[in-house]
């Protein structure tokens with residue numbers, strides 16, 4: 001699935017959003033947003049007053065009351081439109097996902113063997129624990145774990161990546177996703193979910209917002225907005241008896257009308273952020289999907305914005321992950337060429353990046369050409385987790401290369417001696433951030449091959465940006481402490497965890513959380529699952545195991561560990577957008593005071609005309625201008641709510657100052673200009 005950024009006001013989206021905005025006028029929908037529900041009730045009240053004026057049941061200006069009622073309905077519709085546009089973008093993304101999900105058949109097995117009896121069943125009938133055989137050309141019918149076999153799988157329908165991936169039993173690449181397609185070979189898979197619970201189903205549900213619940217910050221902000229609304233409601237309600245009393249006492253003017261009080265209330269309550277709050281949350285999840293990351297909830301996106309500790313795997317995130325041979329360091333009594341020759345021989349059949357780089361380096365340094373192991377009557381010894389060595393047996397020569405402790409045991413078991421000088425070479429390589437690979441022939445240590453893991457370009461600058469934002473970066477690696485310290489210094493991370501185990505990762509996360517910090521991490525293996533489940537933001541790789549994906553609260557479809565940094569940026573942008581628009585909305589009220597208060601009460605208290613600093617044409621024009629501005633500002637802020645405010649890496653204090661200047665001062669000044677321009681237009685049209 002390819003996630004293209006859709007234009008905010010794309011005609012098809014706007015048409016759908018307009019229809020949805022009208023449907024959302026249902027009171028069962030409106031009451032979920034308390035601030036806009038007050039506007040909704042005000043719209044009905046002023047509409048009824050307008051109808052009463054038209055029918056002669058009460059007195060008043062039908063033109064003025066009708067205009068106020070119309071623009072209050074527009075205010076509600078514009079808020080509905082903002083939410084509908086955000087949801088529309090998500091629904092379009094969900095539609096493309098739903099296109100991936102199609103009815104298919106599965107070959108259900110009675111036991112986990114490729115030659116076991118099979119039964120053809122509908123994929124929708126499969127249950128957790130069922131076994132299926134998937135062959136070349138078949139669509140994977142369910143999410144599951146590969147128990148037998150290995151195959152090339154096309155996951156482009158889910159990830160958008162056209163290159164096929166290998167899925168095989170054992171290891172961290174044993175997970176398959178329903179809706180993908182097997183290109184070659186076969187797999188025996190155990191289903192790990194029931195119908196309706198697949199990864200694709202969860203993606204569709206989250207993208208559509210069907211399970212969207214308000215996040216803690218959203219709930220807290222809603223409580224604040226409701227409290228402000230109640231305060232302004234009580235204040236406005238007391239103005240009517242105050243107005244009646246003032247008119248009787250001064251024998252001047254007339255009591256303020258219900259229509260004017262409703263207009264005043266709507267202009268004073270925080271309708272701007274109230275109307276855009278839901279859209280901001282939906283758009284945050286949509287932007288996350290645009291980055292090819294599926295968030296299981298808005299809570300996860302919000303937590304990403306609050307993160308202050310990042311745990312980053314060294315390989316693939318900080319370094320390129322393909323270690324290259326950079327130097328031959330011979331032991332005393334051995335020439336560099338002798339070491340290079342032995343290292344190359346032991347690597348001729350080694351297809352790892354490290355092995356190929358040793359062959360290339362020997363060729364570059366000493367013009368040692370590749371040789372055919374078969375013609376040499378040689379036997380290649382592959383690497384194994386038990387021996388932690390690989391090598392070659394050539395006639396009487398027994399050459400091995402591997403980790404320091406593995407070669408030490410090998411040499412000593414052959415009654416050899418491990419020279420202290422080689423220990424010094426190993427320490428020297430580790431101190432510079434390299435990985436030492438020791439080469440031995442029989443019982444004799446020949447020297448060390450230095451493998452250099454290249455730190456990604458620009459990663460140090462990105463970590464510096466994160467540091468400015470108050471985020472601590474911690475590198476996680478299985479390397480020894482010396483190597484880890486050197487790479488950490490080169491990459492510019494704040495701390496590191498060397499010789500990391502799953503238990504050590506989990507303990508580190510708990511330690512930071514005990515200090516009140518929020519922790520983010522990535523993982524792809526079953527052994528990462530406990531740490532992923534503990535972390536506040538846990539991004540599981542789509543290429544990883546089912547256990548890892550279930551433990552995380554986000555899944556990266558690109559399986560790119562570096563994406564964690566982008567996830568944090570998107571989360572922070574969502575929080576900043578919400579805060580900026582809240583500041584703008586509350587600052588807006590000041591200009592509306594200066595517009596409506598003199599208009600409502602100047603006839604009784606002429607001294608209040610001094611507050612008419614905008615020199616608005618008439619009381620009715622002033623009130624109508626404020627109501628129109630209040631509605632239109634929601635429309636103008638929809639793009640900002642959906643795209644997010646511009647984001648720069650800086651400290652929280654600097655961000656606060658910047659946003660107060662832009663959105664606080666802007667919120668104060670823009671309404672003065674906007675209301676005055678609308679007043680001039682109404683006057684020119686003879687509507688004021």
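Each residue, glycine too, has its Cβ placed from N, Cα and C.
If you look at the transmembrane segment (34-54), the same-chain residues 6 or more away from its ends with a CB under 8 A from one of its CBs are 25, 27, 60-62, 65-66, 68-69, 72-73, 75-76, 79, 222, 225-226, 229, 233, 258-259, 262-263, 265-266, 269-271, 274-275. Summarising the annotation, Swiss-Prot assigns transmembrane segment to 34-54 (among others) and lists sequence analysis as the type of evidence.
According to Swiss-Prot, the feature transmembrane segment maps to 62-82 (among others), an assignment based on sequence analysis.
With a cut-off of 8 Å between Cβ atoms, the residues of this chain six or more beyond the transmembrane segment (219-239) that come close are 34-35, 38, 256, 261, 264-265, 268-270, 273-274, 277, 578, 582, 586, 600. Taken from Swiss-Prot, the feature transmembrane segment applies to 219-239 (among others), supported by sequence analysis.
Under the heading transmembrane segment, Swiss-Prot lists 260-280 (among others), citing sequence analysis as support. Non-local neighbours of the transmembrane segment (260-280) in the same chain are 33-36, 38-39, 42, 45-46, 68, 72, 75, 78-79, 82-83, 85-86, 218, 221-222, 225, 228-229, 232-233, 235-237, 239-240, 574, 577-578, 581-582, 584-586, 588-589, 592-593, 595-597, 599-600, 623-624, 626-627, 630, 633-634, 637-638, 641-642; each lies 6+ residues outside the stretch with a CB under 8 Å from one of its CB atoms.
What Swiss-Prot lists as active site, 4-aspartylphosphate intermediate is 313, and the listing cites sequence analysis. Around the Cβ of residue 313 (active site, 4-aspartylphosphate intermediate), the number of neighbouring Cβ atoms within 10 Å comes to 23.
For residue 389 (ATP binding site), the same-chain residues lying six or more positions away in sequence with a CB closer than 8 A to its CB are 381, 383, 400, 401, 402, 403, 406, 407, 410. The annotation ATP binding site is assigned in Swiss-Prot to 350, 354, 383, 384, 385, 386, 387, 388, 389, 390, 401.
All chains included, 27 other C-beta atoms sit within 10 angstroms of the C-beta of residue 528 (Mg(2+) binding site). According to Swiss-Prot, the feature Mg(2+) binding site maps to 524, 528.
Residues or ranges marked as transmembrane segment by Swiss-Prot: 594-614 (among others).
As annotated by Swiss-Prot, transmembrane segment applies to 622-642 (among others), with the evidence given as sequence analysis.
Marked as transmembrane segment by Swiss-Prot: 662-682 (among others).
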In terms of DSSP three-state secondary structure, what is the assignment for residue 528 (Mg(2+) binding site)? helix
Filter the recorded positions 313, 350, 387 down to those whose C-alpha lies within 10 angstroms of the C-alpha of residue 524 (Mg(2+) binding site); answer none if the list is empty. none
Near the Cβ of residue 383 (ATP binding site), how many other Cβ atoms are there if near means within 10 Å? 16
By the 10 Å Cβ-neighbour count, the most surrounded of the binding-site residues 350, 524 is 524
Closest of the recorded positions to residue 528 (Mg(2+) binding site), Cα to Cα, picking from 313, 350, 387? 313
CB neighbours within 10 A of residue 387 (ATP binding site), counting all protein chains shown, number 16
To the nearest whole angstrom, state the Cα distance for the pair residue 387 (ATP binding site) and residue 313 (active site, 4-aspartylphosphate intermediate). 25
